[in-house]
């Protein structure tokens with residue numbers, strides 16, 4: 001073909017190639033049509049008559065087909081005037097002129113958007129479209145048709161250059177159901193001014209496009225703002241970008257997610273007549289009939305009707321206006337791998353592809369954390385894969401009043417981490433507290449927030465929604481509630497993003513503050529799932545560095561290494577949260593024993609020895625692991641007890657309530673006990689608040705008196721009489737745990753319980769330091785007075801001296817209550833020389849610790865047990881004596897019987913043997929008579945000798961038989977047939993006389 005000359009080319013305004021273009025596979029024919037002819041840049045009439053491109057012809061054919069289709073529908077349906085007036089869709093379709101020509105708008109870089117405020121303008125401007133087209137072509141820089149996949153571009157240097165893929169509601173996107181939808185680029189300041197001018201003067205002939213609001217300003221936008229969201233998820237984010245205006249005629253079913261069929265969502269859009277939305281269209285159209293048939297059929301009348309649900313509502317709601325058509329520049333459908341994105345758009349493709357040009361970037365959209373969950377649920381319920389197409393319908397509608405009420409009511413139920421405190425914590429029925437609760441009625445404090453009221457409110461709001469949604473089914477209304485419940489978190493997205501997830505608050509219910517120390521706070525908590533009680537340590541200050549973290553983690557390492565022991569506080573879990581370390585441990589319901597000192601609760605010697613025995617058992621286990629505690633003191637020794645009904649202290653002829661052991665509940669279980677002198681049968685449990693102050697005061701006086709004179713083997717805790725044998729003492733607070741062979745100590749313990757060698761940095765005997773600390777603890781409990789932190793008394797304790805003379809009257813009274821063996825035991829434990837101090841194993845073998853203080857009852861019990869042992873031994877001796885007598889009688893009978901063996905061939909040998917046997921028997925009898933005390937041993941020896949003799953006799957007998965056999969053999973050879981009979985007397989044991997054949 002003939003290409004135009006250089007002079008002719010000046011008439012044509014060619015497209016400047018910049019980085020903002022998107023090219024296809026054949027860039028050489030971008031400036032040519034199907035006939036390889038250069039596209040002329042004249043007005044639209046000239047281009048129509050001379051050089052019409054293939055796509056322009058297709059557009060005109062499609063519009064004609066659509067017009068014919070509409071005329072057929074009007075003739076078949078013939079709606080009334082009232083129906084037409086009530087339907088904005090019919091009005092728009094009837095008033096639109098057959099403008100099937102794409103045109104350029106003057107000074108516009110984006111494609112018109114048909115929103116809620118543009119429907120009226122569409123009808124007014126339809127008559128002026130042709131005039132605008134003819135007048136503006138001369139001013140436009142690009143009036144030729146492009147075949148390649150390029151975006152709209154303006155070469156004007158005065159305005160910013162960007163791809164103008166806008167959201168269009170006026171284009172015929174129902175014919176291109178598979179065209180990906182692109183988002184418009186951010187509007188410049190110049191475009192925003194044009195938008196304001198357009199809103200002020202709507203009667204001008206210049207049709208300007210309102211630019212969309214960026215994503216960052218969506219929350220502050222007006223009713224014309226656009227929601228930039230993917231198509232499959234715009235209903236999920238409806239409440240996130242919810243506007244303030246309320247339309248009573250709007251359907252809440254826009255927010256529905258139908259679990260059974262995704263097509264119900266599209267049907268809801270067809271029923272929504274007043275939902276005027278900003279529709280997002282693609283600026284690219286198909287280039288061939290094959291690409292138009294997205295549903296697998298060729299371009300015909302049937303294919304136009306077979307449109308997807310997302311595009312079908314464009315014709316029904318009147319947003320499709322034939323007057324607002326594309327500009328004269330040809331646009332093509334962008335493939336999924338060539339999709340263009342601007343700065344405020346993001347891809348929903350599972351495998352994102354690179355952008356078509358270097359200047360177009362895909363920003364990482366920071367979606368909320370719950371977005372993938374809702375997306376996945378919606379896709380799983382509909383059994384559909386995530387679509388790679390961007391044909392999205394962004395919902396910019398305002399919810400009605402009923403929907404807003406639902407949001408407010410549901411926000412009270414689901415506030416994320418803020419509502420954790422209202423969750424119900426279970427009570428384990430297998431624990432002691434659970435058993436007590438099964439007997440008693442639940443306490444009012446356990447009746448936490450009930451969600452029935454909120455559910456009723458939700459049902460009432462659901463009824464309101466049914467009244468407002470006249471065009472929807474009841475099933476869709478049920479979906480409203482489910483979707484609203486899912487979107488409540490999106491309504492409070494700011495609070496959820498600010499409030500961090502707390503494992504401590506989510507897993508445990510905080511009940512009380514147990515204690516506070518240098519480490520931090522210790523809380524009594526209940527696990528929300530298993531219902532058990534735990535003690536959780538939390539660092540007081542946030543960890544500032546690795547050094548602080550290492551110091552705190554030493555206790556965690558120690559607890560995890562020790563695992564589980566009866567006399568050591570059990571460790572469960574540890575975690576770090578907000579620069580705080582949390583340690584979950586076993587809850588000890590009796591607290592620590594330091595309150596014995598502060599409250600002057602005196603303990604007997606037997607109780608302290610029982611305490612020392614259990615603590616030494618735990619120390620032995622720690623030392624067996626090659627570790628040392630280095631912080632043994634009353635504050636770190638805890639009590640676990642079990643309270644039974646028989647252990648409750650009561651007063652005669654009084655009726656009062658006493659607190660049972662509460663394993664960490666908010667309030668103790670109350671019980672009324674009516675007692676007599678010998679009766680505790682009438683036990684009535686109640687949960688009402690008790691106001692028996694007078695009875696409690698009288699009872700407390702008795703408790704104090706019993707505690708101050710606690711010489712018996714029991715302990716009074718919370719009004720309960722606890723037997724010391726049922727109490728378990730545990731070692732806790734392993735923050736200073738260290739290796740026994742380590743010469744470096746990170747921190748020292750309490751100076752009141754430190755040994756002298758540790759004060760002088762002597763780390764050679766760290767195990768003996770624990771013994772010194774335990775000795776100081778027993779000394780403090782015996783005195784019932786706190787140890788000094790400095791002074792002469794402090795120094796005397798380091799020297800192993802107990803200064804009895806300098807003590808006050810309280811200590812003098814305690815001195816007489818303990819034995820000298822007890823004080824000697826304490827002195828040995830606090831000896832200044834660590835090599836002299838006994839080890840933990842040796843102390844467990846000490847008689848005073850092993851057996852404790854023996855009382856009169858213990859002596860009587862011991863005597864009874866000894867008598868029983870003696871009686872059993874006497875019975876055994878009598879039986880043995882009777883057996884010995886029977887054996888002696890049998891032997892005498894055997895000796896009295898004659899034991900002669902007559903052998904004619906060897907008479908002399910037999911006589912000698914008989915004499916020897918007779919002599920041995922006589923000797924045996926003489927020895928037996930002389931040694932009556934050793935009858936058993938001598939009898940055994942005589943039996944052994946007798947057996948030896950019998951064996952010798954048997955051997956001789958065998959030899960004799962062999963000789964006889966030889967003689968018989970010789971006699972047979974000599975043919976001498978005679979027999980000799982030899983009669984011999986057998987021994988007394990063999991059973992008498994035997995005849996032998998020779």
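Using N, Cα and C of the backbone, Cβ positions are placed for all residues, glycine too.
The active site, proton acceptor annotation in Swiss-Prot covers 631 and is backed by sequence analysis. DSSP assigns residue 631 (active site, proton acceptor) to coil, not to a helix or a strand.
Feature annotation from Swiss-Prot assigns ATP binding site to 514, 515, 516, 517, 518, 519, 520, 521, 522, 537. Using a 10 Å Cβ-Cβ cutoff, residue 518 (ATP binding site) registers 7 neighbours.
In sequence order, 592, 731, 732, 733 are the residues of the chain that are 6 or more apart from residue 636 (Mg(2+) binding site) and have a CB within less than 8 Å of its CB. Taken from Swiss-Prot, the feature Mg(2+) binding site covers 636, 677, and the record attributes it to similarity to another entry.
What Swiss-Prot lists as compositional bias 'Acidic residues' is 23-32.
Annotation source Swiss-Prot lists compositional bias 'Low complexity' at 70-139 (among others).
Taken from Swiss-Prot, the feature compositional bias 'Basic residues' applies to 140-150.
The compositional bias 'Polar residues' annotation in Swiss-Prot covers 166-177 (among others).
Summarising the annotation, Swiss-Prot assigns compositional bias 'Low complexity' to 184-203 (among others).
For 265-274 (among others), the entry in Swiss-Prot reads compositional bias 'Low complexity'.
Annotation comment: Swiss-Prot describes 316-328 (among others) as compositional bias 'Polar residues'.
Taken from Swiss-Prot, the feature compositional bias 'Basic and acidic residues' applies to 330-340.
Residues or ranges marked as compositional bias 'Low complexity' by Swiss-Prot: 393-415 (among others).
Here Swiss-Prot flags 450-489 (among others) as compositional bias 'Low complexity'.
What Swiss-Prot records for 508-849 is domain 'Protein kinase'. Predicted-model confidence for the domain 'Protein kinase' (508-849) is 76, expressed as mean pLDDT.
Annotated region 'Disordered' per Swiss-Prot: 1-34 (among others), in sequence order.
Among the features that Swiss-Prot reports, region 'Disordered' is placed at 65-207 (among others).
For the recorded positions 516, 631, the ranking by surrounding Cβ atoms (within 10 Å, all protein chains) places 631 first. Within 8 Å of the centroid of the Cβ atoms of 514, 515, 516, 517, 518, 519, 520, 521, 522, 537, where the record puts ATP, the same chain has further Cβ atoms from 538, 540. On the backbone, the CA of residue 520 (ATP binding site) and the CA of residue 631 (active site, proton acceptor) stand 17 Å apart. Other Cβ atoms within 10 Å of the Cβ of residue 522 (ATP binding site) number 20 in total over all chains. Distance between Cα atoms for residue 514 (ATP binding site) and residue 631 (active site, proton acceptor): 20 Å, as a whole number. A 10 Å cutoff on Cβ-Cβ distances gives residue 520 (ATP binding site) a total of 19 other Cβ atoms nearby, all chains included. When the record's ATP-binding residues 514, 515, 516, 517, 518, 519, 520, 521, 522, 537 are compared pairwise by CA position, the greatest distance found is 14 Å. DSSP gives residue 520 (ATP binding site) a strand state.
In the structure as shown, the Cβ atom of residue 514 (ATP binding site) sits within 10 Å of 18 other Cβ atoms. The two recorded residues, residue 631 (active site, proton acceptor) and residue 518 (ATP binding site), have Cα atoms 13 Å apart.
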